Number of protein chains: 4
Amino acid sequence: MKLGINAYGKNAVNLSKIIRHADHHEFRQVSVSVQLSGDFDTAHTLGDNSQILPTDTQKNTVYVLAKEHFTGTIEEFGLYLAHYFVTRNPQISKARVAIEEHSWQRMSFDGQPHTHSFTGGTTEKRTTVVTQDAAGPVVVSGLKDLLLLKTTDSGFENFIKDEYTVLKETSDRILATQCEASWEYTATALDFEALYQQIRTSLLHTFSAHKSLSVQHTLYAIGEQILLDNDVVKEVSLVMPNKHHIPFNLEQFGLENKNEIFVATDAPFGYITGTVVRD
Amino acid sequence: MKLGINAYGKNAVNLSKIIRHADHHEFRQVSVSVQLSGDFDTAHTLGDNSQILPTDTQKNTVYVLAKEHFTGTIEEFGLYLAHYFVTRNPQISKARVAIEEHSWQRMSFDGQPHTHSFTGGTTEKRTTVVTQDAAGPVVVSGLKDLLLLKTTDSGFENFIKDEYTVLKETSDRILATQCEASWEYTATALDFEALYQQIRTSLLHTFSAHKSLSVQHTLYAIGEQILLDNDVVKEVSLVMPNKHHIPFNLEQFGLENKNEIFVATDAPFGYITGTVVRD
Amino acid sequence: MKLGINAYGKNAVNLSKIIRHADHHEFRQVSVSVQLSGDFDTAHTLGDNSQILPTDTQKNTVYVLAKEHFTGTIEEFGLYLAHYFVTRNPQISKARVAIEEHSWQRMSFDGQPHTHSFTGGTTEKRTTVVTQDAAGPVVVSGLKDLLLLKTTDSGFENFIKDEYTVLKETSDRILATQCEASWEYTATALDFEALYQQIRTSLLHTFSAHKSLSVQHTLYAIGEQILLDNDVVKEVSLVMPNKHHIPFNLEQFGLENKNEIFVATDAPFGYITGTVVRD
Amino acid sequence: MKLGINAYGKNAVNLSKIIRHADHHEFRQVSVSVQLSGDFDTAHTLGDNSQILPTDTQKNTVYVLAKEHFTGTIEEFGLYLAHYFVTRNPQISKARVAIEEHSWQRMSFDGQPHTHSFTGGTTEKRTTVVTQDAAGPVVVSGLKDLLLLKTTDSGFENFIKDEYTVLKETSDRILATQCEASWEYTATALDFEALYQQIRTSLLHTFSAHKSLSVQHTLYAIGEQILLDNDVVKEVSLVMPNKHHIPFNLEQFGLENKNEIFVATDAPFGYITGTVVRD
């Protein structure tokens with residue numbers, strides 16, 4: 001027997017930071033997960049911990065380094081952390097740092113932004129996964145739990161019908177998804193903030209403007225548009241579960257459902273995934 | 001033995017509606033729960049279902065009536081439903097209809113609102129509970145899962161110290177809560193939309209402007225302000241769990257934590273509840 | 001304006017304990033929530049914390065007192081805690097201590113129980129709520145998240161049919177629920193362990209033996225049996241959501257569903273609650 | 001641009017089955033997820049659905065085929081389903097069928113098993129993933145959400161200490177995990193039921209008997225033992241998050257914590273993963 005693929009680290013390091021400016025405060029909230037790979041065979045086979053940096057220490061490292069180095073994007077902080085772990089520990093061949101950022105919205109009253117009060121943002125999180133090994137760092141950024149919905153310009157027709165098919169074709173349905181997107185950057189010295197806003201806009205704009213013939217069709221269109229708009233993106237992966245909204249059968253009660261009343265269901269759900277790459 | 005307090009009904013009736021205007025669509029998503037009370041003793045003691053309106057029928061009723069009657073606020077729809085159940089079923093002495101509305105945000109591009117595409121809103125839900133019995137309907141509206149946070153103007157000092165107290169006094173801490181608020185209206189023919197916006201603004205404004213000496217102190221200030229601002233509100237109940245953000249101990253690593261790096265924790269949590277009433 | 005009903009305390013104090021016997025270990029895991037009521041008006045209205053025992057101190061108190069006083073049932077520990085808070089703090093008129101215990105099962109190999117290894121138990125938790133005020137302590141014990149299911153001896157017929165009823169009558173369906181039960185004891189010096197086991201058996205036995213004509217019918221039968229079997233129980237409250245298992249429509253594919261293939265659904269769900277009391 | 005890796009299917013098909021024997025009933029509950037891969041490029045690029053078997057049809061297929069073919073292990077049902085999808089649809093090059101089975105426990109009274117009543121089992125689920133492509137089917141079975149805990153025979157010492165290390169070495173701690181295990185079989189015509197029981201016993205026995213020097217050490221020991229005991233297992237993968245139980249600091253209150261009172265925490269948590277393979 002021998003050890004195959006393995007990794008260890010600290011997950012769910014929940015960190016909040018107040019950045020204090022002269023006349024207002026910023027508030028940031030992230031969850032950081034560190035996973036380390038390397039020469040850990042004897043830890044497994046012999047219980048030899050001499051090459052093990054405890055996950056508790058990893059956690060402390062995240063909090064300590066956040067003080068000076070979490071001042072900008074999660075990508076920059078992730079790059080710093082991954083570099084830190086790999087360069088200080090020769091036995092670590094690869095560090096993977098995943099960061100999710102929760103959004104907070106500054107309160108406004110009469111058009112004036114408040115200096116230090118916030119409401120919780122949407123379910124959407126901004127994400128990054130920075131991986132660093134001997135080949136250098138790679139940044140894959142994205143978003144998750146972004147709820148998207150359009151009330152028209154979506155259909156599903158001309159599919160296979162077999163003996164177990166009862167689904168009706170429709171040229172007008174609700175399309176809704178809890179979108180997860182990630183994209184690999186070709187470089188690490190980038191304006192991650194501007195790129196994020198630009199890519200997110202490409203995603204939203206394509207979703208809304210596209211005449212969708214299926215989830216797959218929309219998924220590909222979004223990935224293609226992000227690649228067209230952003231040279232520094234190598235590939236785009238999308239996860240688009242189909243959050244079904246099924247028309248309620250009003251006809252059994254003598255009424256017509258003009259595509260207006262729906263049952264929102266959680267399970268079962270269609271699950272569509274795809275990656276769009278450059279030729 | 002005999003039957004004491006009892007009720008039954010259908011919970012989590014998840015309903016979506018597209019309201020189709022000439023040039024744009026509205027999208028609404030609610031979860032409706034119906035609970036009926038009345039003369040159901042023999043259902044319990046004898047298994048006599050002759051007075052039982054099945055929960056499946058209650059569910060159908062919600063969907064059917066939504067077609068014509070869910071066109072405005074959840075309060076108006078709740079009033080219609082509660083009245084419907086009570087007036088059609090003499091054995092039902094009380095109907096309780098609870099509705100939660102999920103928020104969706106219309107997409108905008110270059111300042112132009114999109115006609116039919118939306119992103120998911122925040123975790124905040126708008127709520128109402130309409131109860132109707134022989135005394136007539138009562139409307140208790142509110143909100144839940146509203147995340148509130150302020151980075152300063154909050155302290156906690158001068159509390160009791162006993163042999164198990166290690167908490168340090170602080171004049172400057174993060175105050176964060178997942179706020180649930182509900183308020184009872186004194187009437188049922190009201191502009192529920194305008195009132196909701198006004199009350200929510202009172203809540204946010206008080207939270208942000210208040211020099212908080214404790215969660216209790218802020219809770220009361222919010223309730224008091226809502227009552228001062230709104231004659232048609234009889235009383236306000238608030239649930240304000242303390243979402244602790246604990247300063248990370250940087251001092252053990254030779255650094256100073258100038259109230260900037262925090263550990264966000266889920267459990268355990270302080271739980272503060274209170275009702276503010278008129279004299 | 002003035003303060004109405006209010007309370008505060010620490011929730012979700014997650015505590016584990018190893019009880020070390022000479023030849024084996026016990027392992028206990030509980031979640032404790034403390035809520036205190038009393039003369040806290042000036043804390044709300046003035047921010048005066050001089051009567052406030054911090055929730056952090058409450059948490060510490062739970063951990064410290066567990067060392068000596070959490071040696072038996074959760075009821076005994078709850079009684080000790082509630083008494084402690086009320087008698088040490090004159091401003092506290094009522095303490096409510098709620099405890100949930102998670103179940104762990106000792107591993108066995110070849111019929112031999114292991115001395116110190118355990119697997120997680122079921123979703124079922126044992127619960128107690130001890131309330132103490134000037135009138136003395138009251139113990140309401142129970143269980144929650146107990147999944148119950150029977151594959152026959154359950155029907156639902158002869159219910160009201162109106163214009164929105166499509167549910168078919170059935171004399172043979174699955175009855176499943178995620179049962180929550182609580183019962184108030186008439187005394188506080190009881191063998192809570194033996195009573196719990198006896199009441200739980202009454203509940204399970206009645207559920208399985210009863211010819212159920214509705215959820216209400218079974219709910220009442222369970223409550224009645226617990227009261228018949230246990231003189232020290234004053235009343236029984238039951239929450240029995242209907243975890244629907246809906247026959248899948250095989251007929252549309254030319255097959256007969258002889259009550260064998262079901263769709264398990266989460267929402268919407270019937271929600272049936274009732275209390276059975278002594279005459 | 002072009003399409004990279006992609007798949008689609010129906011997730012969370014929740015299916016219950018009563019198997020009716022002459023004198024008792026069996027009750028089974030599973031969640032099935034189907035993912036299909038193949039030649040779906042034009043569905044993405046052109047919105048051409050002519051090669052798309054709708055996820056709704058996939059769901060129906062699961063329910064219909066369960067009637068005759070879900071009579072034994074989830075592995076046998078998964079093999080049947082994967083084979084069905086691949087052989088009926090030439091455009092599908094790979095079908096992945098994942099099944100999770102929830103456990104139910106037959107009630108017993110006075111040592112007699114009840115014929116048709118059940119309580120919910122533990123959080124543990126039995127799992128299988130059957131993948132079929134041109135190379136034939138592969139079965140990877142396992143379990144998840146198995147809570148394991150031992151109160152002694154676990155330590156963590158001799159690890160790296162750097163400037164951010166504060167963790168104390170310990171030779172006696174609680175070791176707890178929410179274990180996920182999966183193992184690849186070398187064949188598909190096996191007694192999956194007997195193998196499952198045998199492998200699960202290897203896992204539990206090794207966990208309890210092992211003198212653990214770290215989570216990694218125990219993880220490897222479990223994987224090694226499963227491979228030693230079972231020739232038909234090719235490799236074993238384990239996910240063992242560290243469910244920390246941290247000793248509560250009683251010393252600050254003048255008491256000694258003899259490894260008896262712990263704080264159970266959810267986040268952050270150590271996350272240890274590894275695969276054990278044959279040489």
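The backbone N, Cα and C atoms fix where each Cβ goes, and this holds for glycine too.
Annotations in TrEMBL come from automatic prediction, not curation.
Owing to the predicted nature of the structure, the values given are computational and were not obtained by experimental measurement.
Annotation source TrEMBL lists active site, charge relay system at D:LYS10 (among others). If you take the C-beta of D:LYS10 (active site, charge relay system) and look for same-chain residues 6 or more apart in sequence within under 8 angstroms, you find D:SER33, D:VAL34, D:THR55, D:ASP56, D:GLN58, D:LYS59, D:VAL62.
Taken from TrEMBL, the feature O2 binding site applies to D:THR55, D:ASN242. DSSP assigns D:ASN242 (O2 binding site) to a strand segment in the three-state reduction. Neighbour list (D:ASN242 (O2 binding site), Cβ cut-off 8 Å, at least 6 residues apart, same chain): D:ALA176, D:THR177, D:VAL215, D:PHE269, D:GLY270, D:TYR271, D:ILE272.
What TrEMBL records for D:THR55, D:ASP56, D:PHE156, D:ARG173, D:VAL215, D:GLN216, D:ASN242 is 5-hydroxyisourate binding site.
As annotated by TrEMBL, urate binding site applies to D:THR55, D:ASP56, D:PHE156, D:ARG173, D:VAL215, D:GLN216, D:ASN242. Of all Cβ atoms in the shown protein chains, 20 besides its own fall within 10 Å of the Cβ of D:ARG173 (5-hydroxyisourate binding site).
Residues or ranges marked as active site, charge relay system in TrEMBL: D:THR55 (among others). The DSSP secondary structure for D:THR55 (O2 binding site) is helix.
Counting only residues at least six positions away in the same chain, the Cβ atoms of D:ALA176, D:ALA264, D:THR265, D:PHE269, D:GLY270 sit under 8 Å from the Cβ of D:HIS244 (active site, charge relay system). Summarising the annotation, TrEMBL assigns active site, charge relay system to D:HIS244 (among others).
Around the Cβ of D:PHE156 (5-hydroxyisourate binding site), a 10 Å sphere holds 24 further Cβ atoms from the protein chains shown. Among the recorded positions D:THR55, D:PHE156, D:HIS244, the ones whose Cβ sits under 8 Å from a Cβ of chain A are, in sequence order, D:THR55, D:PHE156. The C-beta environment of D:GLN216 (5-hydroxyisourate binding site), restricted to residues of the same chain at least 6 apart in sequence and closer than 8 Å, consists of D:ILE272, D:GLY274. Here the Cβ of D:THR55 (O2 binding site) has 26 other Cβ atoms within 10 Å, regardless of which shown protein chain they belong to. Take D:THR55, D:ASP56, D:PHE156, D:ARG173, D:VAL215, D:GLN216, D:ASN242, the residues named in the record as contacts for 5-hydroxyisourate: the widest Cα to Cα gap among them comes to 50 Å. All protein chains shown were included, and the count of other CB atoms within 10 Å of the CB of D:ASP56 (5-hydroxyisourate binding site) stands at 21.
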